[in-house]
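For reference, the structure is listed below as C-alpha cells.
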Amino acid sequence: MLAPQLAAVFTKLQTLSTSDHASVVSMNIFVALLCACIVIGHLLEENRWMNESITALIIGLFTGFIILLISGGKSSHLLVFSEDLFFIYLLPPIIFNAGFQVKKKQFFRNFMTIMLFGAVGTLISCTVISLGVINFFKEMDIDSLDIGDFLAIGAMFAATDSVCTLQVLSQDETPLLYSLVFGESVVNDATSVVLFNAIQSFDLTNTNPKIALEFFGNFLYLFLASTVLGVVVGLVSAYIIKKLYFGRHSTDREFALMMLMAYLSYIMAELFYLSGILTVFFCGIVMSHYTWHNVTESSRVTTKHAFATLSFVAETFIFLYVGMDALDIEKWKFVNDSPGTSVAVSAVLIGLVMAGRAAFVFPLSFLSNLAKKSASEKISLREQVIIWWAGLMRGAVSMALAYNQFTRAGHTEVRGNAIMITSTISVVLFSTMVFGLMTKPLIRLVLPHPKATSSMLSDQSTPKSLEAPFLGSGQDSFDDSFVGVHRPDSIRALLTTPAHTVHYYWLRPKYTLPVRSQCDNYVHNLMPSPL
C-alpha cells in the first residue's frame, strides 16, 4: 500500500531537485552576464554613442537569441519578467540613490519647473496618447480593448525611463538639463503609476464631473502624502542617529539603519497605497542632507559608495532582464499571423509618445520662462529640444505596467493583449536604442560648449558639507561664520533664518566631530598591526 505513495513522493522530490538545479544554473548564467555587462561597459566608457544601459540591453538580446536557439524555439529567457521583482526590489535602490546623490541646489532652484513637467506634463502626455490610441486603434484589427485599456496605455507610455536618463545625461557637464530631465522623469514615473492605479480602481463605464473631481483629488492626495512620508522618514532617521550616536560602538549599525529606513519608506508607501517612487526619492534627498552628516566619516564613505553600487547593479539587471524577455516566443506567436498590425501599433505608439511629449515640453517651458526674471535661468529653445528628445525613452516602468494590464502572472492567451505586450517591447527597444544612442551626439551638436555657471562650480557632488542649507539661497555650503548649528532664540529667528536654524533639530553640532574622530583614532590604535 505504501509503495506507490513512496514512489510518488520520490518522483516529486526528484522533480523539485531538478527544478532547483535549473534555477541555480539560471542564476549562475545571469550573474556571469552581469559581470560581462560591467566589463564591456567599462571598455566602452569613452564611446560617444554607447552607454551601460544600451550595452546591457544588447547583451540581453544576444543571450536571449542564443537561448532561443538552444531550446529549439521554446524559451528565450532565464527569468520571467515580474513586475513585483521590478517594483519591490530593483526600482527602490535606483530612485533612492538618485535622490541621495542629486545636486539639491539645481533641483530645488528648478523645483516648480520640474513639478510642472513631471505632474502637469504627464497628464497632458497621457491625454494625448489616450486620445490618439482611441482614434487610431479603431482603424486597426485589434479586439478586446476597452476605454480602460486605452487610458491605461496613455499612462503606460507617459512614463519616461528615469534609469536610462541617468546614463545618457551628465550631472557635471549639463547640470540644468540633468536636473530638469531627471527630476521630471522621477516625478513623471510616480505620476504615471498613480494615474495607472487610479484608472484601474475607478469605474470608467459611467463618467461624470463628480468622478473626474474625485480622480483629481485622489491624485493630489497621493502626490502630497507620498512626498510628506518620504520627508518624515528621512527626518526620523536623522534624529535617531543624532541622538543615539551608533558610531561609538559600530559604524555597521549606522549604515544598516540608513539602508533599512530608506527601504522602509518605500514599503510603507506601498502599504498605505501611496507612490513609493516619490516617497523614496524625497527620503533620499532628506537623508543626504541630514542623516548622512550625523554618521561617522567611515560610514559616510561606505553609504555613498554602497548606495551607488546597489543602484548600478539594479540598473544593469533591469536592462539585461528586459533584453532577454524581449524575445519571449510565447507572446510573439500570437502576432505571427499579422506582423503588420504589430509593426503599425508600435509605429503609432512611438509617434504618439513624441507628440505627447512635444505637447507639454514647449508650452510649459514657455510658461516657466515667463516666471523667471534672469535670462540665464530661462530654458532656451536648444535646451527645450534636448529636454524633449532625452525624455522620449521608455523603459522597465512601461513594461511593468503593460504586464500588469495585459497579462496574468506573466502570461497571456488573448491576441489583442499579446499585440500590446509585443508592441510595448518594440517601443522600449526602439526608444532606448535609437533615442538613447542619439542623445549624447545631439547634445554635442546642439550644445557644443555648455558654459560653466556659478552653480556648476559651487555645486559639488552630494552629499555635501555639514552646514549646507537645504533650501537656502547662495552657495551650497556655508563659510566659517556658520560653524556650529545654533538653537533658535525665538520664533522670529526661526522665521528669518529657517534654512540655518532648523538644522539644530536634525544635525549633530560640528564641535562634536573632533571628539568622534578622537574616539575613532583611539579604537584604531588598539587594533593589532597587520603581520
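Including glycine, each Cβ sits where the backbone N, Cα and C put it.
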Residues flagged as transmembrane segment in TrEMBL, choosing from 265-284, 305-324 = 305-324
If we call contact 3 or more Cβ pairs under 8 Å (sequence gap 6 or more), are the transmembrane segment (114-138) and the transmembrane segment (56-73) touching?
-> no
Please check if the transmembrane segment (385-406) comes into contact with the transmembrane segment (219-241), where contact means 3 or more CB pairs closer than 8 Å and the residues in each pair are separated by 6 or more positions.
-> no
